[in-house]
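Colleague: Dumping the structure here so I can ask a few things about it.
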Amino acid sequence: MTFPGDTAVLVLAAGPGTRMRSDTPKVLHTLAGRSMLSHVLHAIAKLAPQRLIVVLGHDHQRIAPLVGELADTLGRTIDVALQDRPLGTGHAVLCGLSALPDDYAGNVVVTSGDTPLLDADTLADLIATHRAVSAAVTVLTTTLDDPFGYGRILRTQDHEVMAIVEQTDATPSQREIREVNAGVYAFDIAALRSALSRLSSNNAQQELYLTDVIAILRSDGQTVHASHVDDSALVAGVNNRVQLAELASELNRRVVAAHQLAGVTVVDPATTWIDVDVTIGRDTVIHPGTQLLGRTQIGGRCVVGPDTTLTDVAVGDGASVVRTHGSSSSIGDGAAVGPFTYLRPGTALGADGKLGAFVEVKNSTIGTGTKVPHLTYVGDADIGEYSNIGASSVFVNYDGTSKRRTTVGSHVRTGSDTMFVAPVTIGDGAYTGAGTVVREDVPPGALAVSAGPQRNIENWVQRKRPGSPAAQASKRASEMACQQPTQPPDADQTP
């Protein structure tokens, strides 16, 4: 499914978006992991138009570099045209057409950069209908329960499109009309150029309205056609953050449903958020409160959640990830993570490995079958296969000026509360005793013990904390011990 070879597309993204009340340009606000402009350009790129032009104005210095990045991502050229003064949508189209050669003779699709649910099928249907009826212009329309803010479609008694009137210029009776302009058009370029040359700014906004082209072309006797979109969300625009949240929720509902239909169990769609670039394998179960963001990849037969957020994380088949926050990491096949686990960028857990409760890992590789069960920080480390890191262990990776790495071999067993003061290497098959502070390399098969014999300082509390609850408790315990009767010796032990 592609556009005909003579089709150019203009994306209007020059508006300041004042109703967003934001320092971020409106078209760069995000939903489902992409900016609004990115959603629109992805949909258009699927149809491979001959030319794709984005018209920028407000904050073009911030938006243009991102358009360039999107062009690289999409593998195609995207031109940028500049509207240097905010003189209306008609003027924006004139600016966009300046990027086309004067002898360009084809169809031009015009759309907005703030319609994030607009899809390739809707655009393809528009151009197909436009060509089928040989229209000078075909405009997408939809019907809204609350049409406030949209241009109204005016029709003749024969139901032909007569004009589009903007909200600010509409009469009270015209504002009752519920069929609205979706802001997406297909034009014959010659007819468009002719009509644009006759636009007037004699209106409430004192701007050149693209919508006035409809009435001009009709007065010329040209064919003006409308194509109605029943699913109004596909062409809904965003002017404020309420509308952004509403469309984000609707897009998420559609994304979740698509995964469900593909064989993924989503226990509670209302509390599950999945970005559009996320992939999930069959028979995976997603529990409530889960967010799968960015380019996260989940394998098949996994269990994810509840209360889990993964951003750009790759999860292998059959893995379990519970109450975990992770980013830019990988989890191997059959591995188990959570609950209350924090995976920071650069974490790579091997197949059948385990990262348990209250474990934080950063910039570390953990081998196949290795377990870090609980209460441990692993930073800047490489751990081999089938090792076990005891509870409350810490990889001490920062010396005050720089980060250092620790290497732990395979089949290593470390006692609870072991401190690895980097840089150190623990050889294959080595052990550490509980409470050991490892400051030097441990040879393969060795047992590292840093603590000396235990020494008890009698009556320390009584001397250092007299009268304290601890001192009183210890005094009572001592007195009770003194009152214990002495056991008489057994009869057969009497001399």
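Each Cβ is built from the backbone N, Cα and C atoms, and glycine gets one as well.
Quick paste of what Swiss-Prot says about this protein:
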type	residues	note
BINDING	12-15, Lys26, Gln83, 88-89, 112-114, Gly151, Glu166, Asn181, Asn239, Arg344, Lys362, Tyr377, Asn388	UDP-N-acetyl-alpha-D-glucosamine binding site
BINDING	Asp114, Asn239	Mg(2+) binding site
BINDING	Asp114, Asn239	Co(2+) binding site
MOD_RES	Thr2	N-acetylthreonine
REGION	2-241	region 'Pyrophosphorylase'
REGION	242-262	region 'Linker'
REGION	263-495	region 'N-acetyltransferase'
REGION	457-495	region 'Disordered'
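Give me the lay of the land around each of these features.
Modeller: Listed in sequence order, the residues of the same chain lying 6 or more apart from Arg344 (UDP-N-acetyl-alpha-D-glucosamine binding site) and placing their CB within less than 8 Å of its CB are Gly326, Ser327, Ser328, Ser329, Glu360, Val361, Lys362, Asn363.
For Asn239 (Mg(2+) binding site), the same-chain residues lying six or more positions away in sequence with a CB closer than 8 A to its CB are Gly17, Arg19, Met20, Lys26, Asp114, Gly149.
Classification of Asn239 (Mg(2+) binding site) by DSSP places it in coil, neither helical nor stranded.
If you draw a 10 Å sphere around the CB of Thr2 (N-acetylthreonine), it holds 12 other CB atoms from the protein chains shown. Reduced to three states, the DSSP call for Thr2 (N-acetylthreonine) is coil.
Within the model, the region 'Pyrophosphorylase' (2-241) carries an average pLDDT of 95.
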Colleague: Rounded to the nearest Å, what's the C-alpha distance separating Thr2 (N-acetylthreonine) and Asn388 (UDP-N-acetyl-alpha-D-glucosamine binding site)? Just drop the number here, would you?
Modeller: 55
Colleague: Let me make sure I understand the structure: which of the binding-site residues listed (Asp114, Glu166) has the fewest other Cβ atoms within 10 A of its Cβ?
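Modeller: Each of the binding-site residues Asp114, Glu166 was scored; lowest Cβ tally within 10 Å is Glu166.
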Colleague: Return the count of C-beta atoms lying within 10 angstroms of the C-beta of Gly113 (UDP-N-acetyl-alpha-D-glucosamine binding site), excluding that atom itself.
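Modeller: Other Cβ atoms within 10 Å of Gly113 (UDP-N-acetyl-alpha-D-glucosamine binding site): 30.
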Colleague: Determine, from DSSP, whether Leu12 (UDP-N-acetyl-alpha-D-glucosamine binding site) sits in helix, strand or coil.
Modeller: strand
Colleague: Taking the Cβ of Asn388 (UDP-N-acetyl-alpha-D-glucosamine binding site) as the centre, count every other Cβ atom within 10 Å, in any protein chain shown.
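Modeller: Taking all protein chains shown, Asn388 (UDP-N-acetyl-alpha-D-glucosamine binding site) has 16 Cβ neighbours within 10 Å.
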